[in-house]
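Everything below concerns the one structure shown next.
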Amino acid sequence: MEKLEKSILKNIYFIVMLLFLILSLYRGSFEIVPFVYGTLSVILIAYGYFVIKKYYPRVDKYLYIISVFIVEFGLVMLYRLDFQRALKQLIWFAIGIMLFIFILILFPDIKRLQKYSMFFAIFNLVLLTMPLLLGREIKGSKNWIQVGSLSFQPSELAKIFMIFYLSDVIRKIKDYKDVLKYSIPIVLSIAIFVLEKDLGSALMFFGMFMAMLYVGTSRLRYILSGLVLFVLGGFFSYVVFDHVKRRINIWLNPWKDKYGAGYQICQSLIAIASGGLFGTGLAGGHPEVIPEVHTDFIFSAIAEEFGLLGAIALLILYLLLIYRMLRTALYAKEDYSRLVAVGIASMFAFQVFVIVGGVTKMIPLTGITLPFVSYGGSSMIINFLAIGILQKISEVGNEDA
Amino acid sequence: MHDEKLIKNIKALIIFFTLIFLTIIGYLIYFNLYLSENIVKDPSNPRIRLSEEDVIRGSIMDRNGKTIAFSKKVKNNQVRIYNDGEVFAHVVGYNSPVYGKTGIELLYNDALQGNTFYYNILGSIFRKFVQTIEGEKRGSDVILTLDYELQKKAYRLLKDNKGALVVLNPKTGEILALVSKPSFDPEKVDKNFKVYKNDEMGNPFLNRAIQGYYPPGSTFKIVTLSAALENFNGIENKSFLCTGKLKIGDYILKDFNSEAHGRINLKKAFSKSCNFTFGSLGIELGYNNLLKEAEKFMFNKEINLEDLKLGKCQFNIEDKENKALLAQAAIGQHGVATNPLHMALVAATIANDGIMMKPYLVKEIKDEYGVVLYEKEPEILKRVIDKEIAKKVKEYMKDVVDKGTGVRAKLYNVDIAGKTGTAQLPNTDKTHAWFVGFAPLKDPKIAFAIIVEEGGTGGKKAAEIAKEIVKECLK
């Protein structure tokens with residue numbers, strides 16, 4: 001096992017260094033900075049792996065390996081797009097890994113959190129309402145709060161709290177009345193997201209809730225009722241909220257207003273189409289012309305320069321990561337941890353689906369980050385927090401093994 | 001709680017997520033296969049312009065390597081410079097960031113930008129390698145079949161007249177000169193686009209040589225003559241009595257100035273461009289024979305060329321039984337329309353013993369190191385008429401210049417074959433002057449067609465221009 005892990009890691013190092021070497025050379029002369037940057041990122045990965053292997057040999061190291069490989073995808077792309085942001089992202093990456101190690105060291109067994117579920121629900125709502133009161137609108141969504149020069153997206157942390165809350169209450173559900181009672185916090189959260197114009201998070205929360213509800217209760221009826229309510233709610237929002245209507249109309253025909261409202265999505269589609277099967281090659285395309293390319297549209301940039309094959313590879317990495325997460329759920333010791341793992345896996349799955357589907361015009365575009373890849377501190381830290389929690393679960397789960 | 005069910009549900013969730021991801025992958029594949037091609041071409045794609053700025057655009061040169069258009073950097077910006085811009089405007093086209101591209105600039109954009117599909121494997125690898133080291137990319141050069149000096153001379157000969165002129169090599173189809181007047185300055189398109197566009201009288205953007213739509217007038221008698229020679233045995237020995245006015249029912253087909261040519265044979269009738277004789281020949285041939293012959297010469301047919309977008313040329317009478325219309329069609333007046341390049345092809349076909357070569361403008365594409373990426377081979381477009389017939393038509397056309405209507409084109413040291421045309425315009429007295437032909441008679445080097453709009457009779461202005469062209473080519 002350890003041999004396989006090491007050989008995979010070596011290959012990842014090799015690929016990453018190769019990509020940064022391209023970034024060093026593509027301007028015609030050798031630049032040392034990308035090479036140093038790449039080396040630093042590889043050292044971070046190696047350090048994280050070293051700590052896990054040494055002190056926590058029982059945890060599922062593939063969760064870590066796949067995650068950091070996905071992070072490297074993002075670092076390479078960000079470096080190529082915007083050096084300043086790439087530098088910050090590397091710092092966030094380092095903080096993420098530290099946090100991840102701290103969780104392994106300091107966090108109690110996950111099941112001890114079960115009794116605080118009400119606290120999680122309340123804190124989740126507090127976090128989500130904060131931007132409505134204090135926040136300011138960034139990129140058309142009012143889901144940020146700013147402290148000094150740091151802006152922070154509370155919805156990122158809120159989703160972890162929501163998972164902890166749901167993992168506890170879902171097991172108590174006996175009938176429809178219980179569903180209604182326990183889903184109040186999540187329905188409120190989704191409503192707040194719609195008000196904040198953060199439809200991507202609303203979609204993700206809903207998907208996550210449905211997945212957990214199904215796994216926890218085995219009742220397809222609940223899911224079907226949920227879907228019906230979702231469709232009704234969606235229709236209602238379409239009629240009432242202009243910003244929802246606008247999104248849907250852009251999705252239906254972005255080319256009609258390709259220099260105006262449809263500009264982002266059209267540029268994203270053009271970028272993906274320009275990539276073709278093999279892509280233009282790293283630094284060979286022009287993804288920098290896509291608006292918001294470093295956050296919401298980073299997948300389009302990857303599809304342009306790494307091509308269809310690169311995009312599929314990234315999606316398969318995500319699928320492997322989600323598989324590994326659900327596998328952790330399978331091997332967990334008790335149901336609470338199991339549901340937490342399911343929640344985190346669903347969160348990742350729906351988040352990837354919503355944003356990749358959005359930038360490819362498969363579904364309406366709603367701004368949301370691509371986990372581990374998009375630029376942004378809140379997102380990076382919360383994702384590593386999530387991986388840390390899963391590692392913790394896998395550590396307990398593998399105790400006998 | 002029921003542990004087993006939970007495990008089962010998680011497994012179902014794994015399958016569900018796998019399906020979701022496969023759906024995304026499937027959609028991406030579908031997108032790449034079916035949607036991406038059109039999306040990339042959308043004008044809102046900034047990559048088209050950006051990639052062009054990265055690469056120094058290749059040059060366009062004449063057959064001898066003389067530069068017609070080239071690009072250079074002026075303070076980080078690329079500037080396209082056209083030598084004698086107005087002379088070559090309709091062939092080379094313009095390259096404007098605002099108004100797009102036309103002509104060779106459009107059709108050979110890929111080659112000029114260097115992202116070409118013309119591959120010379122070794123050369124391309126070498127080029128990529130050197131470009132990577134040098135850090136500067138340069139597109140490939142397009143070498144035209146045009147002759148710089150001839151083109152310039154032709155442009156000057158048309159003076160301020162509206163009109164067009166085409167010279168080509170009848171044996172290969174290489175276009176040696178292609179001029180249309182009035183012209184525009186490709187360097188000033190950005191500034192003057194609206195002026196050019198709104199000039200409805202001159203219409204400088206119109207390439208009259210290929211997109212013009214003119215009645216061929218008497219130059220069409222070449223076709224009628226070939227039809228008569230093919231269909232009637234012994235027609236050459238027959239004589240006609242021209243009264244200057246051919247009565248067909250209520251209609252009278254007149255000769256030029258109603259001149260009566262008296263008793264003449266076919267050769268003299270051609271030489272004098274006798275409408276009486278050719279009108280009656282048309283009636284005698286009948287609609288179907290004449291149509292068949294016209295279609296052999298590519299009337300009513302689409303001529304698809306790589307380098308040019310040729311306008312349509314038609315032979316079509318609304319009433320096939322109407323003899324008056326048929327007689328007019330036989331002399332190139334009614335229901336017949338063409339463009340100068342096509343008429344040059346007709347002359348070239350005769351010159352090349354009945355074989356029509358495919359005309360082309362681009363001879364070669366070379367990369368910046370002179371490696372040839374593409375080289376055009378002459379192609380036969382069509383075998384039109386028998387060699388024997390072509391030979392006879394040649395003799396007839398020589399007679400036109402020697403002692404017929406085209407005598408003004410005569411040169412003492414070269415035998416020129418030709419045919420004049422005076423195309424009448426509806427509702428005015430004005431006529432377009434045509435002259436088509438080739439030279440030298442024995443071993444034709446050039447075939448040409450000249451039209452001068454409102455230039456009077458073909459035997460004057462057009463024939464004089466033809467003479468100068470032959471002089472320039474064969475000096």
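Positions of Cβ are set from backbone N, Cα and C atoms, glycine also.
Whatever TrEMBL says is automated annotation, not expert-curated.
What you are looking at is a predicted structure, and each value in this text was computed from that prediction instead of being measured.
Per TrEMBL, the feature transmembrane segment maps to A:7-26 (among others).
Taken from TrEMBL, the feature transmembrane segment covers A:32-50 (among others).
With a cut-off of 8 Å between Cβ atoms, the residues of this chain six or more beyond the transmembrane segment (A:62-81) that come close are 5, 8-9, 12, 15-16, 19-20, 23, 34, 37-38, 41, 44-45, 48-49, 52, 89-90, 93, 96, 100, 282-283, 287-288, 293-294, 298, 301-302, 305, 314, 317-318, 320-321, 324-325, 328, 370-375, 380, 383-384, 387, 390-391, 394. Feature annotation from TrEMBL assigns transmembrane segment to A:62-81 (among others).
Here TrEMBL flags A:87-107 (among others) as transmembrane segment.
Taken from TrEMBL, the feature transmembrane segment covers A:119-138 (among others).
Look at TrEMBL and you will find A:144-166 (among others) tagged as transmembrane segment.
Per TrEMBL, transmembrane segment is recorded for A:186-214 (among others).
The transmembrane segment annotation in TrEMBL covers A:220-241 (among others).
Sequence-remote contacts of a segment are chain residues at least 6 beyond its ends whose Cβ falls under 8 Å from one of its Cβ atoms, and for the transmembrane segment (A:262-286) they are 19, 22-23, 26, 76, 80, 250-251, 253-256, 292, 297, 300-301, 303-311, 359-361, 365. Here TrEMBL flags A:262-286 (among others) as transmembrane segment.
Residues annotated as transmembrane segment in TrEMBL: A:306-326 (among others).
According to TrEMBL, the transmembrane segment annotation covers A:338-360 (among others).
Marked as transmembrane segment by TrEMBL: A:372-390 (among others).
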Cβ contacts the transmembrane segment (A:186-214)/the transmembrane segment (A:220-241), at least three under 8 Å, sequence gap 6 or more: yes
Among A:87-107, A:220-241, A:306-326, A:338-360, stretch most in contact with the transmembrane segment (A:372-390) (C-beta, under 8 angstroms): A:87-107
Long-range environment of the transmembrane segment (A:338-360) - Cβ separation under 8 angstroms, sequence gap at least 6: 110, 159-160, 162-164, 166-167, 170-171, 200, 203-204, 207-208, 211-212, 215-216, 265, 268-269, 272, 296-297, 299-300, 315, 318, 321-322, 325-326, 328-330, 332, 366-371, 374, 386, 389-390, 393
